[in-house]
Amino acid sequence: KPLFSCSFSQNLTTSFIRIVMISALGSVQYGYNLWVIYSPTVLIQDFYNLTYVKLPVHNEEQYEIFMLGVTVSLFPLGGVIGALVVGPLVDSCGRKGTLLINSFFSMVASMFMVCASMIHSYAFTMFARFLIGISIGVFSTVIPMYLGEISPLNLRGIIGVLPHLSLTVGVTVAQVLAFREVMGTQEGWPILMSLSGILALFQAIIVPSFPESPRYLLIQKKDEDKAREALKKLWHKDDVDNEMEEIRQEVPPDKEDRPMNALKLLCYRNLQWQVFSVIILMCGQQLSGINAVYFYTERTYLSTGIGKDSVRYITLVSTILLFIALLLVVSFFHLFSLKTPSVLKGMALLQIVRPGFEHCDVIPPSGNPRFCSLPNLIITELFLQSSRSSAFVIGGCIHWLLNFLTIVTFINIQKYTGPYVFLICCPICCGSLMYILKVVPETKGKTFLEIKRNIPMTPKNEEEEVVYQPMST
């Protein structure tokens with residue numbers, strides 16, 4: 001049966017909307033923790049001054065900067081661990097199961113953060129931030145994977161952008177609550193830390209009612225009955241034959257139905273360009289300066305001579321502008337039917353222009369949110385079910401490792417380059433643009449198998465598309 005006759009489009013149902021909204025709470029926690037824990041640098045430094053008197057070291061500025069750098073770097077290191085464990089978790093426990101497990105883990109991490117703010121132990125504080133990083137590392141991977149697998153063709157692009165839209169919402173909420181007039185004080189710090197756990201608790205209560213990913217049930221678990229029930233629950237109808245047939249097209253032959261971990265995926269010749277595309281997109285995202293913008297926004301503004309009281313309001317306005325930019329991306333997907341690679345090309349072009357303006361005091365460092373959500377969407381579309389989780393592991397590890405490297409090296413690089421630090425990102429953005437123009441395939445309105453056929457330098461033989469041959473040594 002031709003693949004295009006199996007493609008399906010769906011209208012929004014209450015179940016689907018509820019799943020998207022509740023799943024996105026994980027991304028809200030990501031953005032919330034990203035700002036509350038790490039961005040108010042002055043508050044963190046004051047907190048270390050309180051705990052630091054117990055150590056046999058004099059109160060020197062260099063030690064304070066060192067401790068702050070170590071604390072900030074523990075978040076992406078935890079993200080690396082989260083990205084590594086998410087592969088086995090989603091394959092053994094399912095997408096929904098992993099989301100539920102991580103909701104409980106997020107509650108535990110939030111409890112550690114609350115206790116750390118009351119115990120006044122720098123080691124305990126670092127460990128709590130490491131746990132938060134693990135939780136966010138899992139959320140940042142399993143949410144786009146789950147939503148991408150349950151989304152129909154006509155909604156996949158829009159739904160793929162929503163996790164980062166939710167991240168921006170979390171950052172905005174955190175910025176408002178972190179104001180000194182609200183909760184941004186030593187006394188309000190435990191309350192700030194607990195709010196993320198409350199979101200995780202609410203998520204843990206609702207997630208068990210979600211259906212599991214039908215693709216996971218049919219292709220990996222080979223349970224056709226449960227997959228059919230999941231589709232019925234998702235789309236509120238009894239006739240799901242078209243949806244089932246579209247998923248069956250992706251089922252590999254029994255003799256080739258083998259587990260594919262990240263190491264095997266790196267060695268399979270027929271998927272080398274997909275893997276290389278993941279690496280290029282993640283490098284283009286993480287090395288565009290976004291991490292430095294997120295973690296050192298206040299420091300950058302203060303270096304321009306703006307007062308502390310004005311910086312927090314300027315930063316909030318910048319985040320709101322980012323939120324509006326993401327809404328425009330969603331509108332482009334829906335109103336103008338822009339193809340995902342076309343949007344990628346446009347975003348990469350913006351990155352070439354953006355670094356030249358970052359040294360201007362008037363223009364706020366926007367942080368590139370328009371590009372952040374798209375690599376995960378592309379990972380979902382470039383890989384089939386047997387290799388998708390491993391592809392997310394590879395992408396997640398690169399994401400968090402580069403996140404770590406840019407965070408710990410940005411301040412030192414800035415000492416030598418001054419206001420032109422972001423110009424270093426320009427060649428990387430140019431290289432990403434050239435690769436996207438040449439290699440990234442068309443994805444709009446296509447099934448996962450159709451997308452795979454359109455990848456340049458991918459074998460056209462239909463059997464080779466499912467049978468993965470290891471690279472010769």
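The chain as shown is numbered from 1 upward.
Backbone N, Cα and C atoms are what each Cβ position is placed from, and that goes for glycine too.
Residues annotated as domain 'Major facilitator superfamily (MFS) profile' in TrEMBL: 19-444. Taken from TrEMBL, the feature transmembrane segment applies to 12-32, 65-87, 99-120, 126-147, 159-179, 191-211, 273-296, 316-338, 391-413, 419-437.
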Stretch with greatest number of CB pairs under 8 Å, the transmembrane segment (191-211) reference, 12-32, 99-120, 126-147, 419-437 candidates: 99-120
Within the predicted model, mean pLDDT of the domain 'Major facilitator superfamily (MFS) profile' (19-444): 76
Seg_contact(the transmembrane segment (159-179), the transmembrane segment (12-32)) with at least 3 CB pairs under 8 angstroms, min sep 6: yes
Stretch in 12-32, 126-147, 419-437 most in contact with the transmembrane segment (391-413), if contact is a CB pair under 8 A: 126-147
